[in-house]
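To keep things clear, I will list the structure first and then write my remarks on it.
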C-alpha cells in the first residue's frame, strides 16, 4: 500500500523584500516519486502520475483514489514484453514510471502511459480510476521503454463526431526499430480494441509516424529527441523538443555532447506527416545564447502586452524557459531565461521557409532524418498560412534559429517550469524553479517584465515541468518529486500598507481604503465609491498635519489634518495617538480635519522613557467601518533631555540653552536673565580646535586653551577647573578664565604608569561651577607622552613624532626633552639639526642567509641606528653591492636591498657591511652572520602525475631550495601556487594544464636564477571523475559511509566530499582505495529550520573536492538526500532502568531507519557499560541484549558521528537462596550424585565391547550438545547480528568475487598467480607461426588423444605434469569448448574402460587425479559453473567463510601454532584456559587523519599483527583484500595524548625472553586499555625491523617447499603461521601456548583416544554456532532449483554421460553410479572450492579458517559417500562432530541425484550451442599462444615417443600428423 499524508496547512516564507507567511495546501507522498500532473478543466479535480501509482485528488488536494500500476515483472530487453511472449532474459520487479498523463475529455477517461512492458498505457475512468483497459498485445501499443519521466509529450486532438487522435512524441533510448519518435494514433472508444493506438494512417510507403533512422544512431549512438511540451493552436499541432546537435557534437574535440532546441509543427489533419517542419528555437540575452528548452506554456497576451507586441489580444503567445548554452541536458545550468514567442512569428518563419523550398532554393536541411542533403524541388504553387504539404519537399528543417523575446533572466534559482494567464489587462506568468521556489512575473511589454514575488514552496527540491491552474485561475498547482502544492495565485493580504500593496507589482492587488487592506477589487465592499479602491500608487491616501510636532510640556494644541484621495467621510472620523488617546475629529468645510493634541497626563504615558524625541502615529479611524484607515507621523519633543549647549540649539525643534543654569528648555522665559539665553550654535560656550594638546610626562607647566563664549561664574558659582582622567584616575586642576575666549589650567605635572606606550590619550575636559562641562569639538585630543618609552636607541628617538620635541641625549644615552639633558647645546641631538645622524649602527639580523650568485635576492637587514633616510646608507653583502629599496626602508630599524650579480666564479661567504653617511669607524658596522652564495638544484618532483585541472600538492626536491628571497615554480606555462619551502623541498599547488593531459617541464626561478632539470617532468593526467555513489543518502549530521566509484582517483591527494545547503558549505574526508574507488564520510548540513522533512532535504550542491577539478564540485545527476537524524528517548523519567541480566533492553527513538531506497542502513553501536550488544533495529526502537554483568551500567548509542547518552541500566540478579534452601539442595544433589555414581560403575562393568563404548560416546556427545545449547544459541545470536550487519552492507557486487580470469587461473594453476597464459608471448615470428600450427594440430582429435595417452604412458610424466597438461589443454581450447567437451568425454570413456580392465573397483574411478582426464574434468566444471557460483552458490559460501572467520576471531588465536579457542578442528584447538578481555580500539583511518575514528573490537591477548589484521578488516570492510593495505606494510601506532605515539610490534626490545623461549608481544604486553586511540601508519623501517625481517625470512625459507605443495595458492600467508620460531637463533617463539606443552598435552590426549570434555564442548559450541551457514551452503549445492537459479546444464549433461557409460558397461549397482557422480562433481569441484574460497573471492584465508573449512569439506565428502557412516572410539572428532547431521545430508545428496536423473535430457545440439556461447564470452581471457608454448615443452621433452605413437596410430598416419608435427619442430628449431 502507498503511504501518503495530507498536510492541509504547511507554512512557507516568500522571498525578496516580503516577509509574511501564508498557509497553502499540500499532498505529500513518501514511498513513491511523483512525475506528472493533470487538472480537470471543469471539475478542478487533480490527477497525479507517479512511480507505480496514479492518484486522484480533490481540488483541495484531499486524496480520493489511488491506483497501483507497479512494480511489474519485466526486463527492458524483452520485446515484445513478457506478457505476450516468453522472454529468455531474467524477469525482475521493475518500477512503472508514469511518463504521460492526459485527460481524454471526449471519452471521460485518463490516459496514463508508463515505462514497463516497453511503454504501454492504461485507460482509467475519471470517476474512480477504475482500469478500463490496458492494450499491450500489438506493437502499436508500445510507445517507448525509455525510463526518463519527462521525455514524452502528448496532445489529444478531438475531431467532432469521429474518434480523437493522440499526437505523441517520445525519446526512444536507441530503440528506433521498435518505437517511432513522433506519431499520430487513434483513440478508440473501446479501450480493449486491437485498433487502439494504431497509426492514423499506414500503408507500405507512408504512415503517420517519424522514426529515427538507424544510420543516424550508427553515426551518433547518443542521438535521441526529448519532447518537452506539446500543444494545439489553430489547425496545427506543435512540439518543443531537445535533440542532439550532431554538427556541434561532431566538431567538439573534448567529446562533449551538445543539444539544440527545436519547434516541430504539423497540420492536425495531416495523416501522412507531409507537413512535418522543425525549426531551431532559442533566445539570446546580452550576447549569451540560451538553447536548452526547459518548459513552455501557451497563453493569450494581456491587452497591454498585446499592444506592446502589436498583435491582436486573441493571438496565441508561447512563454518558454531556456537554460544557458547547449550542454548538460540532464542537469542544465541554473542560468535560465524566460522568453516570449508569438505564434504568428513562428508560423511566418515556417511559411517563408516552405515558400523558399518550393521555389527550389537550398536543401531540405534535416540531416538527422534524411541522412543526406536532399535538394528542394522547384514546384510553383501558392503557399498560404494553412498549407499542409505535399509528397515532395518534406520533411523540412529550418535554416536559422527562431529567436524569442527575452523577458527575465535568472542565474541562481534555475527556472524550470512556466504557466501564464491574463488578469484584467495584464499577463501574469508563474515560474517554478529547481531550488523549490515559485516566481511571479507581471509582463506588460517586451521591456516591461517585473518579478514581483518569490514564494518558497519545497525548498531545495526542484519544481517539475507540470505547472497548472485551477479552472477559475484562483489557484496554481505545483509538482515536485514528493509533493503536490496548491497555492493561491495572489496573497494580497500579506501587504499591510497602501504603498506596499500598490508597489508590489501584483496586478491582482489593490488598496481597499476604508477597510485599510490589500485585496482583489471584488473583495472590497466600497470599491465602487470614488476613491474607495486604489489601484495606482499615486492614488494612495496622502495625509499632512499642521503643526507636525509639539513639546511634551504643551497640551491641547489644535492640529489641522489635510488629506488627498479620500472617500466620503461624512459618517465621521476620529483621531487617535497609538491607541492611548482618541478624540472625535471636526470635519471642516475645506475637507480638512481638526483634532486636539493629547493632554499632559496622556503625554506622560506616550513619551515616558523616550528621551529627547518620540515619534508616534496619528491615526484616522472611520466611524463607518470602525477601521483606522490612514495615519501620519507626529513628533513629541523634550528639550530638557538635551545635556549640552550644542545639542540643544542644534535640535530641529524650538529649544533654548540657559547658559548660566546649564539647562535646555522649550520656554525661553525660563532663563534667569536675558544675556544667559542661547538660541544658536554661535552663542554656545566651546573650546576651540587648535590641534592636539601635547603634554609631556613629569613636566610642571600650565595649559592654555582658546575658547569662545565662556560664561563668567556668577555669585555663588564655582570657578573653572581642568578635569583629567588617566588610567582610571581623575585629577582636578584649578583653571583661570582670562576672558570669554581664553582659559588656563594652572601649573601641574601629569603621569601614566608603564613604558609600554610612548604616548596615551587623556580624557580631558574643562568644567565650571563644579560639573558644568564646556563643549569640546569632536576632533579635540589631549596626548600625554614619554620620550624614552619604546625609544631605546638614537635612531628610534630621532624618528619620534617631531611635535613631541624629543631628542637624543648623547651623554645619557637616553631619549628625552632638551630641558632634561645636561649641556644640550652639544649633548642633545634632534632631527631638526642639520646633519643629525646616529653613530654606532648595529646589525642584529640579516635574512635570507643564502642566495644565488645571479643576484636579485632581496636581503632584509634589521638592527638599530640604521640611518634616518635610505639615501644616507651604503651596503655591501658578501662583498657584492646591494641596492637599497626606499619603499621597504623603515627609518633606523630596517633596510631591504636587492643583490647585484656576483661576478666571481665561486664567491666566498661574507658579512653584510653598512655605512651611515661616511664609513668612519663610528658610522660603520658589519653583521655577525655570513651571507653565502649557493647554486640550487632540482632533483625530482613528487607525485609525478596529477589531474589536468591542477590542484595537486607537489613536493619538488633538491638542494639549497630555501635560498634567495623569492621563488616561482613554473610548470610549462603556469605558475605553481607556492605553499612553503625549506632547504630540501618546495611545496606548491599545481596549476591547470592548458594542453590537457600531457607532460610538462618544471622550472624554478629563485630571484634572478632559473633552475631546471631535463629528468624532472610532471605528467598531467585525465581529471578524476565520479560515476556512482552508494548510498545516495545520509542523515543531517552526516558522517555515514559513502562508497564512491569513479576514474583516476589515485591522482587525487586529499579528496573531500562537499555539500552546500542554503549557502553554507560543509565538507568531510575521503579515503582513496584504488584508482576507481574511495570511501567517504558524508558531510553534515546545517538546517535553517528546526525540523527536517521526513522525505529528506536535498542540498543545493553535492560533489567532491578533487584538487582543482571543477567538474566534480557539483555532481550533475546527484539526487543526494539528507534524512532526519535519529533521536532517542531517555531510559525512563529518572534516566535509570532496572533489568535482569541477559534480558532484552528496548531503546525507543525516531527516524532510526531513514526512508531511503535501497538496502543500505545506518550502522548503530549500542554500548552498555562500554560493551557493545547485539542489536535488532526497527524504525522506532533498538532491541538490545544487556550484558551479563550487574550493577549500574551507562548506555550510549553511536550512529553517524552522533552520540546519545540515554541513561543508566541497573542490572540486578535474582536474590540468592536462603541458607536452609542451599543445605537442602546440596544434600539432595549429593544423594543424587551418589546414586548416579553407583549406576555408572555398574554400567561400566557390564559394557566393555566397542559398540557399547560407541553408544556411550554418542550419548556423551548428545548430552554435551544439549549442555552447550544455550551457549551456542547466544553465540549464534551474536554472530547472526554480525552477519546480518555484514549482509546489510553487501549488495551483489560487494561480495568480492574474483573476475573470471583470476578465478580460473587460481583453480587451473594453484599457487601460480602470474601464469604465462595471462601475458603476451614475446617470441620470434617463426616460433609464433609454429605455435599457431601446433594449435591447429590440437584441434585434431586423433592427435590430441594420441598426445595425451602417450604422455600418460611415460613413467617420468608426474602427477603435477598431468594436472599442468590438463589445464594448458583447456586453456588452449577455451575458444572451442564444444570440441573440448567431446574430447573430455572420450578421455573419460577411455579412463572408465581402463579402470574396468585393470580390475580396480569401479568406485575408485575419478577418486584421485591420476590422469589428464580427471584434471580436465575439474577444469571443465570450473569454466561452466562460474556463473552458478556468482549468482547462487557464492553467497552462502562467502557467508560461511565470514561466519567462520568472525567466530574464530572472537576468541584467542595462537599466532605461532594457529590454534584457536573456537574451532571445528581438534588439531587446531587451544587446550589450555586462556584469560582474555575484549577491547574496543578507536582507529584513525590510514591516509585520512581527519576522518572519523572507527571502533574496532580486538582481544587483549592478540598479537600486534593479529590486531592490525582486525583493524584493517574493519576499516576496509567491503573492500577486496587485494585492494587494501597489508598488515606487514603498516605499523600500529598507539596514541596517548597529543604528542605521545608508540609503535607496537610483535618483537622489539621489550619482548620477554625466559630461558630459550621468546614470547611475542600482545596488546596486553603493552598494557593497551579499552577505548585507546590507535592509528595504522605506513611501515617505518628501522635497523631493528630490518634485522628482524631478515631473520623472519630465513625462518620461512625452511617451510617453502612444504607450502608450495599445499593446495591453497593464497601465498605463504594462507598456510604459514604469522610468525615462525627462529630455531637457528637458539630461541623459540611462543604466543599463547608453548609448542612442547602442546605436544605433551596432545600425546596424552591421543593416548586416551578421547578429547577431554572441556575441549569437546568448545568444538560443539563452534559447530552449533556455524550450523545454519553450513546447512545453507549444503542446501544450495544439493538443490536443483535454488535462489531462482536453475541447475547448470553442465551438471545434468555430465551426470547423464556417466549414466550412459554405466549402461554401456552394464553396471547396475546404484552405489557405483552414485560414487561416480560424487567423485565427478562434489569431490572434484565443490570440495576444492569449499576448502579454498580464495579461488572464488578476493579474500585472505588464515590457517585456523583453513582448518575449519577442511572439516566442513570433509563433512561434505562424507555426505556424498555411500558407505555406512561407522563411528568408533578411534573416529576423528570432526566425524563425531557431524555424526548426527551426515545422514540428513546424505538424504539431500540422494534426492539431488534422483532429481537430476528425472530431468529431461539435454541434446548434444543444445549443449553445443551453450558451449559455443560460453566460448564466445571468454574467448580472449587467456593468451592461447602462451598456453601452446607451455604445452609444446612436453612435445620437446617426449618428442621421440610422441612421433612413434603418431606412426603407430592408423588415423594419425592417414592424416599425416607425424609430418605436420615434424614441420612444427623444424620451424621452432630454425629460430633457436
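Including glycine, each Cβ sits where the backbone N, Cα and C put it.
Your range for coiled coil, going by Swiss-Prot and the list 1075-1129, 1130-1184, 1185-1239, 1240-1294, is 1240-1294. Checking 60, 739, 747, 1074 against Swiss-Prot for the annotation N-linked glycosylation site singles out 60. Residue annotated by Swiss-Prot as N-linked glycosylation site (from the set 549, 1010): 549. Confidence for the domain 'IPT/TIG 1' (841-934), expressed as mean pLDDT, is 92. The domain 'Sema' (20-489) shares the most Cβ pairs under 8 Å with 1024-1123, out of the stretches 841-934, 936-1021, 1024-1123.
Broken down by DSSP into helix, strand and coil, the domain 'IPT/TIG 3' (1024-1123) contains 6 helix, 47 strand, 47 coil.
Helix, strand and coil counts from DSSP across the domain 'IPT/TIG 1' (841-934) read 9 helix, 52 strand, 33 coil.
Across the domain 'IPT/TIG 4' (1126-1212), the DSSP tally of helix, strand and coil residues reads 0 helix, 46 strand, 41 coil. Residues of the domain 'IPT/TIG 2' (936-1021) grouped by DSSP class, helix first, strand second and coil last, total 0 helix, 56 strand, 30 coil.
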